[in-house]
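Take a look at the structure set out below.
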Amino acid sequence: MTGPSDKGASLRVVDVAVEFSGLRALDGVSLTLSPGEIVGLIGPNGSGKTTLINAITGQVPLAGGQVVLGDRPLSGLAPRDIALLGLSRSFQIVRLFNNMTVIENVEAGALAHGHGLRKARAKAEALLDEFGLSARADDLGGNLSYGDKRRVEIARALASDPAFLMLDEPAAGMNEAETETLLHKLSALPASRGLGLLIIDHDMGLIMRLCDRLHVLAFGRTIAEGKAADIRKDPAVIQAYLGSEAGIGAAHA
Amino acid sequence: MTFALQFTIDVLSLGGAYALMALGLVIVYGILKLVNFAYGELIMVTGYTLFLMGGSGLPWLVMAAVAVAMAVVTGVLTDYIAFRPVRAKSITAVLITSFAFSTLLQNAALLFISPRPRNVPLPALFSQTVEIAGVITPVRNLVTIAAAVVLLAVFAWAMRRTVLGIAMRAAATNFTMARMLGIPANLIISSAFAISGLLAGVVGILWIGRIGSVVPGIGSEPLLVAFIATVIGGMRSLEGAVLGGFLLALIDTSLNYLLSQELLKFRDAFTFGLVILILLWRPEGLLKGPATGQRT
């Protein structure tokens, strides 16, 4: 179960359904994420975006369909095993190890994947440097600003060298400048690390600039997918967000 | 001056033992948010292992090492027998199974050995005294202080600078997140029980070294002491448990010196009264761990 993921394989979500006590939170959603690409997952609040990531990472059971990595079905595997296959994620509400230092947080991500202490420390140092967090390396996770916590969480997720990274609102709580810096960092990841990136965010400006493709959910169903420029003009998307004819560029839902 | 030294040695030796006991309890609590009520029996197992090896003629240090190893094994068995089968299902079930395991071990000792105290082999060192700057003190007190200092230092280092230590701290802060990163939950929990057994084993030898014999119920006082020390120190932090252990020893030792002969038999009432005052002042214990108290 701890074997390395097939590099180059795609992550496919096929006709996935998720139910919470009878309520269909996801219904027939299909999505493919390939290494090297950035896909944006958008939709109004409650449309099932986070649930989809939870379904992929094994945190909620599937009521139908399957999630496949290369030709390996992930459905039914424990979250830990899915993580070890190279699927890493961040959370909408940051979950740092608050009473551990920043560098230990990132180290834990590398150690969990079987790296030795020395290697884990080197990796953590490099990642903190990359995310501009070196000065905070010895601060406790709980003492950071919200924006810094998010960056530590992303660094921790990257410490395991994931094949796919799923970020749930990575820019939430960041100011304009921090968001801009993050955007540059994230946009470089697929090329520099060969990973596939799935991003949920409500900041349409960020999503439009960052993503190659967008996938739009509403009420648990896919209502549109395709290039960012096309999605922007899609009437179904505009209606899902605003219920009117107004432009989606203004919709910071 | 002599009194100050005497007092310090008393507090440090009792506190060292209390701190190790508390640490052994809180290491499991920190991760599972569950108190292992069979913890005291790890000390009992240590004692009876020593007793059973009494006539073996082995060097004492070998017997002590086997006794500690038995405590480690019993600690891990506690996980497999009392915790793992019901852990994910219900907190109440785990409370009952850990009580049951405790009762089972005590009754096994009653049935197969004896309800009466059994003498354990101890090296001559444990009954000798030594004079330091005019203070006559049992050597075992100094051994206890040394053992506590060494174990606490090794423990503190290991929790910061070993793979297992970092993984255990991550698991203690947010177990769900740690598992999601890929940290193996069962291995971490079994390791916590093993470390708990190691601390209980060492403290068991020191504790029994004071008494000289072992009875089936020997574990109840250490369990109570460990529980109170962790509660006043802060259930959520390892440092809190150590602090709580030393504080409890300070209270106990001070009362030993302050109370008159007639009042001394009510010492525990005074101790617990003070504990209540501390908890009224700091309901979450002296050190608040940043981790949530919920089971994650």
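Glycine is treated like the rest: Cβ placed from N, Cα and C.
TrEMBL: automatically predicted annotations, no manual curation.
Copied over from TrEMBL:
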TRANSMEM  B:12-32  transmembrane segment
TRANSMEM  B:37-54  transmembrane segment
TRANSMEM  B:60-81  transmembrane segment
TRANSMEM  B:93-113  transmembrane segment
TRANSMEM  B:142-159  transmembrane segment
TRANSMEM  B:180-208  transmembrane segment
TRANSMEM  B:223-251  transmembrane segment
TRANSMEM  B:263-281  transmembrane segment
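Long-range neighbours of the transmembrane segment (B:12-32) within the same chain, counting only residues 6 or more positions beyond its ends whose Cβ lies under 8 Å from a Cβ of the stretch, are 39, 42, 83, 87, 94, 140-142, 144-145, 147-149, 151-152, 155, 168, 171-172, 175, 188-189, 192-193, 195-200, 202-203, 206-207, 222-223, 225-227, 229-230, 233, 235-238, 240-242, 244-250, 252-253, 289, 291, 295. By the count of Cβ pairs under 8 Å, the stretch nearest in packing to the transmembrane segment (B:180-208) among B:37-54, B:60-81, B:142-159 is B:60-81. Within its own chain, the transmembrane segment (B:93-113) has Cβ neighbours under 8 Å at 32, 34-38, 40-41, 44-45, 48, 51, 74, 78, 81-83, 85-87, 216-217, 219, counting only residues six or more beyond its boundaries.
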